[in-house]
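Listed in TrEMBL:
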{"type": "TRANSMEM", "residues": "A:12-31", "note": "transmembrane segment"}
{"type": "TRANSMEM", "residues": "A:51-74", "note": "transmembrane segment"}
{"type": "TRANSMEM", "residues": "A:81-105", "note": "transmembrane segment"}
{"type": "TRANSMEM", "residues": "A:125-148", "note": "transmembrane segment"}
{"type": "TRANSMEM", "residues": "A:160-186", "note": "transmembrane segment"}
{"type": "TRANSMEM", "residues": "A:192-218", "note": "transmembrane segment"}
{"type": "TRANSMEM", "residues": "A:239-263", "note": "transmembrane segment"}
{"type": "TRANSMEM", "residues": "A:283-302", "note": "transmembrane segment"}
{"type": "TRANSMEM", "residues": "A:314-335", "note": "transmembrane segment"}
{"type": "TRANSMEM", "residues": "A:355-373", "note": "transmembrane segment"}
Amino acid sequence: MLEYALKGDKKYWMWVGFLGLLICIGAYSYLQQFQQGLVLTNLSRDVSWGFYIAQLTYLVGVAASGVMLVLPYYLHDYKKFGNLVVFGEFMAIGAIVMCLLFVIVDLGQPLRLMNLIMNPTPNSVLFWDAMVLNGYMGLNIVVGWASLEAQKKGVPYAKWVKVLAILSVPFAFSIHTVTAFLYAGIPGRHFWLTAILAARFLASAFCAGPAIMLLALFAMEKTTKFELGKDAVQMLARIIAYAMVFNVFFFFLELFTAFYSNIPGHMHSIVYLFSGLDGYNAMVPYFWAAAFMALLSLALLIPSTTRKCKPVLIFALIILIAATWIDKGMGLVVAGFIPNMFEGVTEYMPSSTELLISMGIYAIGALIVTVLWKIAVSVKKEAAA
Amino acid sequence: MKTNRRHFLKVAGVTAMGLAAGAGTAAASYLPHYDHVAPNHDHLTAGRWGMVIDTRKFHHKEDFLPLVEACHKYHNVPTIPGNQEIKWLWTDSFHHSFPNKHNEFLEEKMHHQDFLLLCNHCKNPPCVRVCPTQATYKRADGIVIMDMHRCIGCRFCMAGCPYGSRSFNFQDPRPFIAEQNTDYPTRTKGVVEKCNFCAERLAEGKLPACVEASEGKLIFGDLNNPESEIRHILAENYTIRRKPDLGTEPSVFYII
Ligand code: SF4
Ligand code: SF4
Ligand code: SF4
């Protein structure tokens, strides 16, 4: 089926070429970082993880969100997702490849990556994270490809495909739970040391991931004239709205626990994010913007009149993605390191190297999703014709 | 006799694990690497190494300097300016050193005094727990130590250490070492490092460099031996540890 990726119109090739260019820029930046070390980042002794690990965290959520299509379709037999489910699986593949790349570019000694497998260390959450991420990726490749192959041949997918698809459901939950455990099990970092972190991660994943997917599907619908189906779109939008409600609610739980208990350690990071600490306030405008956008997106997504209006829906999805990205793709990791272990503040903003490398990785992910979706659309159109 | 038995149990355990998992080599790599090194016959041993810092004997910045210098010179710790710095032994204020000992009406002299900070060689070290490659591990004598050749530079241990004891080599450290000590290795870029309780000096029968330079202000010894000097000092003086509420059980004590 790979040959479908090679047959495209001019627009398709221009897009692929554009992504290729971004990838080259990112690769060149990485080469420099590889030679000189992480000195090219703005990370420090105090803020030892930053933009890369934050993107990993965000994209694990995007990957896990494929399950919001798989679960209704395979488990509840919600037929209207039948046409879309493979897009969710393929997007998960792109997202996980990005996750793995973000781990690698964050390493000080990337050539020793295999030490992770050669010295398996069950007490380290990072080891389990690598395991479940790769497991989930494998499942999505097999299930996505096999179901598409079946569609091409015009036969229903085999039984084992369904078994693996259902198996991918707990895997999807586990990848984000284990990623939350990277943070939630660390003593002394109060912002992360919260039992609800994994639940928060899942809630934000199940709104942000489908939101990104829906926007990408709209783009695809426009460029390829592939019908998504009105009901499926509305169902997905409803899922997004519900998940965002949970996401915001869980965040309020954090606020209550921190501020009602009045324990300084629990309040500091949140205070830093919303009003600054010791005169350091680089994150404050972003966080107020995120809070505002989160509430506005809810106001637009919950009433069915606004949700059913496509331009409004698109706008709501965009601000929802922005809000969750600021929360998880920036604030969560950085604020965990603020205040530092000595109650001081070292601020952090990504360097140009970090941004360029990250751009390159996002372009790789976009390229993978483009190619896989192109194949899927071509197969589906042929099967329908 | 005791060590023999322990060794036998270890070997038996590893063999059983290997058979069970069908991966003998993988299990063997689980053994800490120092096991293969024959110890020097006059090396210092302990059940659990620990340190007492007598803060009453430090008054000025100059009192700390020789200790920090002794450590950093001996271990080729580079002097890198800015927040990507590397330090094994350093000083900070009371408030920064003991953040859970807030006190609005703190004794006046505490506002001006500095405290010596280093890795605590915790009994329950989170840095060991989180390390995905066992590059950081705890020895049988309680020292938390690193294998610089195994470290992948993921910096999970830096997030995991609640004491900010760890530094990362953001770049090649060698240009920042004024005078290299050829008795001790330098590090490469991309790995983490920290105080190792001078394990290499203990193996030669010498006390840690900072203890030697302190002229009695630091006491180093076996916490597991009730007859040791360090235990007597701990029994006779009120001491505090950094962030004891986290359950890490630091092996570094401060006489206030
Ligand atoms: S002080 Fe930090 S680096 Fe040292 S043993 Fe404890 S947790 Fe590990
Ligand atoms: S940076 Fe090195 S020592 Fe620290 S957790 Fe990673 S592999 Fe282990
Ligand atoms: S014990 Fe050794 S390594 Fe640790 S601070 Fe003292 S001199 Fe440095």
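Placement of Cβ uses the backbone N, Cα and C atoms for every residue, glycine included.
Heads up, TrEMBL stuff is auto-annotated, nobody curated it.
The model shown is predicted, which means the values in this text are computed figures rather than measured ones.
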Stretch-level contact, the transmembrane segment (A:81-105) and the transmembrane segment (A:314-335), CB cutoff 8 A, at least 3 pairs: no
Criterion met for the transmembrane segment (A:192-218) and the transmembrane segment (A:314-335) (at least three Cβ pairs under 8 Å): yes
Stretch-level contact, the transmembrane segment (A:314-335) and the transmembrane segment (A:239-263), CB cutoff 8 A, at least 3 pairs: yes
Paired segments the transmembrane segment (A:12-31) and the transmembrane segment (A:355-373) in contact, 3+ CB pairs under 8 A: yes
Criterion met for the transmembrane segment (A:160-186) and the transmembrane segment (A:355-373) (at least three Cβ pairs under 8 Å): no
